[in-house]
Amino acid sequence: MIRLRSAAARDRCQVLSLAYRITVAGRCQTVSPHHRQAKVSEQPSLAKEIAITSTDATADTPRTSPPSDTAGTTSRHRGFGIDIGGSSIKGGIVDLDIGQLIGDRIKLLTPQPATPLAVAKTIAEVVNAFGWTAPLGVTYPGVVTQGVVRTAANVDDSWIGTNARDIISAELNSQEVTILNDADAAGLAEGRYGAGKNNSGLIVLLTFGTGIGSAVIHNGKLIPNTEFGHLEVDGKEAEQRAASSVKDKYKWSYRTWAKQVTRVLVAIENAMCPDLFIAGGGISRKADRWIPLLENRTPMVAAALQNTAGIVGAAMASTADVTH
């Protein structure tokens with residue numbers, strides 16, 4: 001039996017049911033297992049050093065030189081993105097023609113406790129270091145509707161009920177801020193520039209980590225605030241079955257864990273008929289060890305953008321209408 005675990009979750013996803021049934025009816029097809037893996041086209045302050053990190057994940061050594069491109073004016077080809085995480089806050093300028101960072105990104109430690117004002121001040125440090133004065137996008141690790149935070153994960157509970165968009169904008173001299181869920185931002189970026197760029201139709205991104213985040217992209221547009229990690233699958237939430245943290249906790253083999261992931265994917269397929277699943281999170285770097293073991297219908301591929309996806313997706317959201 002598969003159902004949404006709570007009334008709140010049902011309310012958040014109510015709009016999805018109608019959209020899915022209208023747009024994807026009749027498109028499910030069986031995919032043989034050998035086709036499953038498709039080809040993948042210390043506390044910060046202004047007085048302290050700002051760590052400037054390379055976009056190359058293998059060359060993340062902090063440096064103290066200024067960013068190589070600090071243009072503070074917007075154009076239709078550039079945007080600025082901030083990615084709020086539980087341990088760090090990252091930001092940079094994005095070339096929106098190709099979905100890549102221009103120069104380096106800046107990464108600061110997430111303040112503890114991660115209250116709205118403390119995080120907003122840290123975001124301002126990152127933005128001001130680039131001299132960026134145009135609109136920007138910010139990812140948030142939880143549900144956000146119309147700029148207002150509804151849930152909190154990896155940040156302080158005092159976020160809930162606050163207008164995060166206004167709080168961050170106030171620290172940036174009223175710059176225009178677009179705020180969206182972190183998995184949604186990653187889904188936007190992967191759909192346009194990453195693993196889903198050659199696929200139209202319905203794409204579902206799942207990020208496997210402590211929990212399971214999700215994003216749904218339909219014909220290039222985001223259907224925001226899906227919470228597939230909280231789908232109930234045979235008596236348990238999806239993330240209690242298949243988060244990568246569960247694999248680590250029980251020391252499961254990839255084969256054992258893949259069976260749990262399959263159950264979650266089938267549950268999603270029973271509610272909608274995606275054309276492609278994209279796997280994100282650290283475990284996606286070892287996708288060749290577990291994606292071929294999946295037994296659901298829809299092919300899954302590994303995310304391509306990895307650590308830059310949140311920044312890129314946030315920048316996209318700040319410069320265009322990217323949601324249904």
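Just so you know, the numbers here start at 1 and follow the chain as drawn.
A Cβ is built for glycine as well, from the same backbone N, Cα and C atoms used for every other residue.
The region 'Disordered' feature in Swiss-Prot is assigned to 53-79.
The annotation compositional bias 'Polar residues' is assigned in Swiss-Prot to 62-74.
The ATP binding site feature in Swiss-Prot is assigned to Asp83, Ile84, Gly85, Gly86, Ser87, Ser88; the stated evidence is sequence analysis. Under DSSP, Asp83 (ATP binding site) is assigned to a strand (E or B) in the three-state scheme.
Same-chain residues with CB within 8 A of the center of the Asp83, Ile84, Gly85, Gly86, Ser87, Ser88 CB atoms, the ATP site residues themselves not counted, are Ile89, Lys90, Thr110, Pro141, Asn154. Of the listed binding-site residues Gly85, Gly86, the Cβ environment within 10 Å is emptiest of other Cβ atoms at Gly86. By a simple count of nearby Cβ atoms, those within 10 Å, the most crowded of the binding-site residues Ser87, Ser88 is Ser88. Residue density at Ile84 (ATP binding site): 27 other Cβ atoms are found within 10 A of its Cβ, drawing on all protein chains shown. Counting every protein chain shown, the number of other Cβ atoms lying within 10 Å of the Cβ of Asp83 (ATP binding site) is 28.
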